[in-house]
């Protein structure tokens, strides 16, 4: 049997009778008789005509489907070009500074054995962390959904599902200042501190779609939002994040978009679609060049803020993405999912296959938050750098876990919450610049670990 004689399953049925073949050729507007053509030749000509059109239609439909699957880029204002150039310039400067620091560390520590001893010592101290204090915030009526240390580590911001925002002293968990209640109607999901050594500025987002900015001072008076963007999103805001360029911020929402904001002018610079379901989380690269978005569709998108393009979709999680965070080293990032796993990704090795560097079977229930340790002094009293050396995860299984950020092994499991743990964060402080951990949960408590 010749190749051409092999029947094609998808071929349209061609009649055997020559009279019917001639009738179909006539209906198609084709010549019925061609000199030298017999009945079989005529039937093959009809078959090629009919099935050739079917193939063309299939290709056309496939092209239409491909066009539908493409990411849609929402046009931005004319000034967005200048903003992208600004982000490009600033991110290159930050990247250069970060790489210089990393080279300096390698030059100062050329031997592998002392480095390994230092990491073992850090892990040993992390394994000794235990519950230090617990606080039920006065006036709060629902779960504490988010906690974040300030840049200097002296304050802890807490967002509640009852719509209230609280700021506590990181040393004793007592209220540091009083914030006005009411700017958020319900479910404060996003909290972030501006990276500034001289002042404490907090950004928050709630389920009513409003973004608020708070300048935290030592005033005994009730602090009101210094800036409020009403109807920033048409649905619940899940994350609000400062960009390393202080005047910009990013928000993610249940309306399936994320937005870039000029917070000084209270204007939306850019809106990006792409996710097919709610966008739960995001993370800005330490240099300010890239942005990660994760949604309940189980997809992580890597966006280039300098060009506005989606670099790649990462689709290795089996369920929704609930938290993302970058390592201070600038090339690792972590994702937490409803599939109970935490995946580690390496930007230096990512290609269109989208394979992760490492997958941690972290918890037995949904992983609600993931945080790399970031901040504090460069070294502790023993001369050991702790910045970025460990990873925190919190889960609905009621635990907070500490992981080594080089071999991704479990260092410590912190148990103390009676119900779901919804958020966690890490900082450094004290005379020895030791790690401190804060967590919050469904039981309405904020807990300090050190």
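Glycine too: its Cβ is placed from the backbone N, Cα and C atoms.
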Region 'Disordered' according to TrEMBL, located in which of 30-50, 51-71, 72-92: 51-71
Stretch among 181-224, 230-271, 387-413, 414-450 sharing the most Cβ pairs under 8 Å with the repeat 'WD' (314-348): 387-413
Would you list the DSSP helix, strand and coil counts for the residues of the repeat 'WD' (230-271)? 0 helix, 22 strand, 20 coil
